[in-house]
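Annotation source TrEMBL lists signal peptide at 1-38. Annotation source TrEMBL lists transmembrane segment at 592-618, 630-650, 662-683, 704-725, 756-777, 789-811, 831-853. Sequence annotations record features per position, and here TrEMBL assigns domain 'G-protein coupled receptors family 3 profile' to 592-866. The feature region 'Disordered' is assigned by TrEMBL to 877-898. Per TrEMBL, the feature compositional bias 'Basic and acidic residues' maps to 882-898.
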Amino acid sequence: MIFHHMCFSSLEVHTSWYHTWLQLLWLLVAGLTPASRAQQGTQPQSIKIEGDITLGGLFPVHSRGPAGVPCGDVKREKGIHRLEAMLYALDQINSDPDLLPNITLGARILDTCSRDTYALEQSLTFVQALIQKDNSDVRCSNGEPPIIPKPERVVGVIGASGSSVSIMVANVLRLFAIPQISYASTAPELSDNSRYEFFSRVVPPDSYQAQAMVDIVKAMGWNYVSTLASEGNYGESGVDAFLQISREAGGLCIAQSIRIPREPRPGEFEKIIKRLMETSNARGVIIFANEDDIKRVLQAAKTANLTGHFLFVGSDSWGAKNSPIQDQEEVAEGAVTILPKRASIDGFDQYFTTRSLENNRRNIWFAEFWEDDFKCKLTRPGIKYEPDRRKCTGEERISQHSQYEQEGKVQFVIDAVYAMAHALHSMHIDLCPGSMGVCERMDPVEGRMLLQYIRSVNFNGSAGTGVMFNENGDAPGRYDIFQYQMSNVSNPGYKNIGQWTNHLRLNSEEMQWSGGDRRIPDSVCSFPCESGERKKMVKGVPCCWHCELCDGYQYLLDEFSCDMCPYNMRPLKNRTGCRPTPIIKLEWSSPWAIIPVFLAILGILATSGVIVTFIRFNDTPIVRASGRELSYVLLTGIFLIYLITFLMIAEPSTGVCAIRRLLLGLGMCISYSAMLTKTNRIYRIFEQGKKSVTPPKFISPTSQLIITFILISVQVLGVFIWFGVIPPHTIIDYEEQKPPNPEFARGVLKCDMSDLSLISCLSYSIVLMITCTVYAIKSRGVPETFNEAKPIGFTMYTTCIIWLAFVPIFFGTAQSTEKMFIQTTTLTVSMSLSATVSLGMLYIPKVYVIIFHPEQNVQKRKRSFKAVVQAATVSTHLSQKSNDKQNGESRIEPDRSQ
C-alpha cells in the first residue's frame with residue numbers, strides 16, 4: 001500500500017546511502033500511482049490482520065488485465081484458494097499454544113494481479129516502515145503537524161506465486177533484509193544465493209523438475225524431443241534447465257526449442273504447431289508454459305488434426321489441473337505431467353467449504369469470488385443490477401452448490417507460513433528465553449538473523465513430509481508424476497503413475513496412451529538400425545543417424561563402422577561377426593564328375609580290351625602291320641589319358657597333386673609322341689622314295705621307340721623341374737567362389753595349379769599334336785594301302801577341333817562361381833574325347849577285323865623299299881593326273897624290317 005497521510009504539501013524523503021536508488025523508485029511509483037488508480041476507479045486494496053508480528057503475503061488474486069488495466073478477472077483456485085490457505089495457516093498458528101505462545105501473527109496481504117510490475121508497486125508497502133522520513137516541514141492548513149499512521153513493520157513475506165513476480169519483489173526485499181518464502185516460484189535462477197540471498201521456497205526449483213522430466217523422457221526411451229516455453233522467467237528458465245541437464249546427461253537431443261511470446265499475435269500457435277511438425281519424429285514435447293498458453297497449444301494441435309500425435313510432458317504449471325485441457329481432452333490424452341509432491345489438506349477443505357459472506361469479511365475479495373463461483377450477482381451500492389444474472393442469496397455453499405477441488409499449491413502456502421512461524425519461534429526461544437510475548441531483542445525483528453533461522457527449520461509440514469531448506473533456500477525435490485488418461489468416456493482424469501525424489505520411480509505398466517494403447521510411443525530421431533547395419537551420424541545431431549547396411553563381405557565392427565571379414569571367412573547372417581567359409585571340392589557324386597568318370601570308365605574298358613586283343617593276337621599280320629611297339633606305347637598313353645580323370649576328381653592332397661602334374665600332360669605326350677613318330681616315319685619314307693632308292697635313317701622299330709622316348713622325356717624333365725621350383729601342394733582358393741552374396745561363398749580345396757601352369761603343362765603335348773597334324777597333312781597323298789597316315793590324319797583333325805572348342809570353354813568360365821567344376825569337367829571330357837578319337841580311328845577298326853573278320857587277318861606280300869619307291873612314284877604321278885581311280889588294286893606292304 002502506498003504511503004498516505006491526511007494532508008499533503010511538500011514531502012521530502014531522506015534515506016541512507018544504501019537506500020538511494022529506492023528513493024528514486026519510490027518517487028516514480030508515487031507519481032505514477034494516481035494514474036493507475038484512476039484507471040481502476042478505486043485505490044489498491046489489501047487484507048490487513050492485526051498482530052504482534054506482521055507477515056506480508058503476495059497472491060495472484062486477479063489475472064493480468066487487458067492493455068491499460070492492471071488487473072483482470074478473479075482467479076478462484078490460484079488466487080482465492082491460496083490466499084485463504086494463508087489465512088487458515090495463521091488461524092492454526094495463532095490458536096496453537098505450543099507455537100509462538102502469546103504471540104499473534106498478523107498479515108498484510110496484497111494482490112499481484114499476475115503482473116510483475118504491478119507486484120513491485122504493491123510490495124513497496126512492505127518497506128514503508130523501514131524508510132526514514134523527515135516530516136518537519138509538513139503542516140496541515142491550520143498549521144498543525146499531520147497525523148500520519150505508522151505503517152506496520154513486515155518481518156517476512158509469503159509469496160509470490162509466479163517466478164517473474166518473485167524475482168521482481170526479491171530485488172526490493174533484499175535491500176531491506178526482509179526474508180521471503182515462496183510457495184510456487186520454481187525458476188532456477190532464484191537459487192542464486194548471491195543475488196537472491198533472502199529468498200527461500202518450499203517448492204523445489206525447476207532444476208529439480210527439469211531433472212525429473214529428463215529422467216521421465218529417458219525412462220520412456222525417447223531421445224528426440226522439442227521444448228515449448230512461455231516467455232518469462234518460469235518458462236524460459238525451466239527450459240534452459242532442461243536443456244542444460246539433457247546436455248550434461250547426454251543421449252537426448254532437442255529438435256525444436258520454441259518460445260511462446262508474452263503477447264502472441266493471431267495465428268501464432270498455428271505457426272508453432274507447423275514448426276513442431278517440421279521434425280515430426282520428435283513427438284515428445286516438453287512444455288514449460290502458463291495455463292493459457294498450454295490450452296491454446298492444445299487447441300492449435302486439435303485444429304491441425306494432430307490429435308494423438310504429440311506426446312506432452314508438462315511442468316508443474318500444468319500439473320493435475322483441468323483448466324488447461326478443458327475441451328481439449330483428446331489432444332491432451334497421454335500427457336505426462338509433474339507436480340511437486342502434495343497432499344490434500346483435509347483441515348483446509350473443512351475450513352474453506354464453511355466460508356460464507358457472513359463469516360469471511362476479512363477477505364475483501366471473497367465477495368467477488370462468490371459471484372464468480374456461484375455465477376450470481378451481489379447487490380452492492382453503486383453497482384448496477386444485471387437482469388441476465390441471477391441474484392446471489394448468500395445461502396449458497398461451497399462444494400454443495402458449486403464444484404470444488406483443493407488447489408495444488410495450498411499445501412505449500414500453509415508450509416511457507418509455518419516455516420516462517422517456526423523460524424520466529426526458534427528465534428524467540430533464543431532471544432527471549434522465558435519471556436512471554438515479543439521481547440525487546442525481537443522488536444524489531446532483524447531480517448538477516450531471521451533468514452538464518454528460516455534456513456535452519458526442519459519440521460513435518462501439513463502433508464506429513466519434511467520441510468527444510470538447503471544453503472540456497474531450496475526445498476528438496478519431491479514430485480508426483482501424473483498422466484492424463486481417458487480410460488473411458490465417462491471417467492477421464494489424471495492418474496498417478498510414479499514419483500521422483502532425487503531418482504525416478506515410474507510405473508510404466510500403468511501408463512496408457514491415445515486409443516487405450518499401453519505401449520510407450522516412440523519419440524526418436526532415428527530408429528535403431530537393423531542387425532548388420534551401421535550408424536552414419538548426422539552432423540551436429542548426435543541422436544540422428546542414417547542406417548547403412550554392411551554389404552558384401554563386411555561385418556559390423558562396432559556401432560558406427562563396418563569391416564571386411566578375413567579372406568577365409570564370411571559374415572554371419574546378422575553381420576555381427578564372421579564365420580569360416582565352407583570348404584568344398586569336386587565330389588564323386590557331383591553331376592560335374594559323373595559324366596567325365598563315365599566316359600573314362602568306358603575308355604579304360606575299351607583301351608584294356610584293345611590291349612588284351614593286341615596281346616592275344618600279337619603275332620597276327622594286322623597287329624604286326626600296325627607297328628606293335630609304337631602301338632603299345634600309344635595305347636599306354638591313351639590309358640593314362642583316361643586315368644587322369646580320376647586323379648582330377650580325387651580329393652586334393654600333396655600326393656594326388658604330384659601325380660596330377662606328372663600324368664596330366666604325360667598321357668597326351670606319350671600318345672602324340674608315338675603318332676608323331678609314326679607320321680614322321682611314313683612321311684620320310686615316301687619323301688625319300690621320290691628322290692632315291694636309299695631308305696631314310698631311323699625307321700626301324702628300335703629307332704622309333706628311341707625317338708618316341710626322347711620326345712616323352714622332354715615332358716617328364718619339364719615336370720620334374722616344376723617339382724623342384726614349386727613343390728606340389730594343396731591350397732584353399734577363397735576367391736574362386738566368392739559371389740556378391742556371401743551366403744554362397746565357398747573355399748575351393750584344390751592343387752596349387754593356376755590356369756597358366758595347367759596350360760603350360762599341356763603346351764608341349766599340344767605342340768606335338770600340331771606337329772603331328774602337320775605331318776598328317778603332308779602325308780595325306782600317301783596311298784592308304786601302304787600305311788596309317790590317313791587314320792592318323794583324321795585323328796589329328798578331330799583332336800584339333802576338340803581342343804579348339806576346349807580353349808574358349810576353359811577360359812570363358814574363368815569368372816564363373818563354379819569355375820573349378822566347369823574347367824575340370826571340360827578338361828577331362830576333352831582329354832577323354834581326344835583319347836577316344838585316337839582309340840576309335842586307329843585301333844577299333846583293327847580289333848573289329850581281328851575279332852569279327854579273322855579271314856582278313858592274313859599275311860600281305862612284303863614289298864622291298866624299291867617297291868615302295870615305285871609306289872611313291874606312281875602315287876605322285878596319279879595325283880598329278882587326277883585319275884578317277886584313287887587307290888591301288890593291290891596291297892603293298894613296305895618291308896618293316898628294312
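Our numbering is plain: 1 for the first residue shown, then up by one each step along the chain.
Backbone N, Cα and C atoms are what each Cβ position is placed from, and that goes for glycine too.
Relative to the transmembrane segment (704-725), the listed stretch 662-683 leads the set 592-618, 630-650, 662-683, 789-811, 831-853 in CB pairs under 8 A.
Among 592-618, 662-683, 756-777, 789-811, 662-683 has the largest number of CB pairs under 8 A with the transmembrane segment (630-650). The stretch in closest packing with the transmembrane segment (662-683), judged by the count of Cβ pairs under 8 Å and taken from 592-618, 756-777, 789-811, 831-853, is 756-777. Beyond the ends of the transmembrane segment (756-777), by six or more residues, the same chain brings 661, 664-665, 668-669, 672-673, 675-676, 679-680, 682-683, 711, 714-715, 718-719, 722, 789, 792-793, 795-797, 799-800, 803, 827 to within a C-beta distance below 8 angstroms of the stretch.
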